[in-house]
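Here the structure is laid out as structure tokens; the discussion comes afterwards.
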Ligand code: BG6
């Protein structure tokens, strides 16, 4: 990995504190940062370098894999940290940024390789990118890269406009759009499971798979992000990015090579094959919900409309269930059921592949049926896979019982999403970042759905702490299935 400077916009913010700084520190602990590196934190706060270093220390102590034995290493890491008080909207500050970078690079004998991480409000993304170019901060003798958080636009038009502005300052290969789900261990493992095991690939199609269920349920409510969430809702917040990414990983064809563009090309093809929804499809295939008050772990919680900062008339959805089709040769006729929501009964992300049943002729369980074979990819909180099979019941002849074969990753000290993704960006591997055509096609698919929502698609309520509106169960039951 090349020596480089990591410039952290929003350097004193919540994401920086909880995720980005701990990720950089963990990489350092694991000897994964280059020998020559510096971190330059930027924020509007007026702080000295020393007080920023204290902030970094508190973030490390609270959120990283730091232990008291690592104190020597921690001090060395902190010596690499610098700070500049900076207003992203103030052109003069870009001049100071350029000067600071040059000084840090010169004093530390670093090449002018610069990575800019925008942990900022999304409406600043394009402005910052343009100013970086206009004030020659990107004019370096080395390379420059830009890491951007979501959301990337609000619909296809705004995402295209944003992309156009960013691409006048950075080329596509220099832009790393983060979707933190792509940094999760088991999400990255889907490709390996599918393409490194001979037992799955022959079955991975509409001849043997009955349906696929992708669930990401959360315990938390809207929290303090009411401004953003009111405009986004579950559709834009979770489906446009994370849920579609999971779907792409399950549905993609094997890439011709294990290189970035080959993988991303295959994912894009899945988006191209997604069946577009007309407004009557939206009515039939999508259930949206909003949480009402309820009990979570014996505590009562308020409904969405009573949350701080939320319009009491709001029609923003906090839950979505959808039945989606990938219209290609492999998946013709196989429904993909997607489900995500806040204030549900558990925090869990998983993908269940349900196989078709054999003719029920020879073996049955106690109810006279054959249990379905399921392959479950557990993304969170456990990370692993389980395979549900039928086996002999030792006590009853001819009756079968479920057997589960389980594999669970040893999760202790496993790198977190941000750690994997920041490491990849630092070494210029954008495989697990979203390419512009992925973002664009995802919005293209989402836009008619948001239009139907705006036109008054029904919004059902569900009790906080439940598994979502009953209409979501009905959605899957009409096909004779049930949520696993
Ligand atoms: C974020 C969404 O992208 O993902 C949040 O903006 C959501 O609303 C979060 O809570 C879920 O991520 P995870 O990793 O906890 O499943």
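Yeah, the Cβs are placed from backbone N, Cα and C, and that goes for glycine too.
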Further substrate ligand in TrEMBL, beside 180, 184, 218, 342, 347, within candidate set 227, 237, 327: 237
Among 14, 237, the most crowded of the binding-site residues [Cβ within 10 Å]: 237
Distance-selected binding-site residues near ligand 1 (C-beta under 6 Å), from 10, 16, 184, 237, 342: 237
Conformational class of residue 14 (NADP(+) binding site) under the three-state DSSP mapping: helix
44, 347 as binding-site residues, winner by CB count within 10 A: 44
Rounded distance in angstrom between the Cα atoms of residue 347 (substrate binding site) and residue 242 (active site, proton acceptor): 15
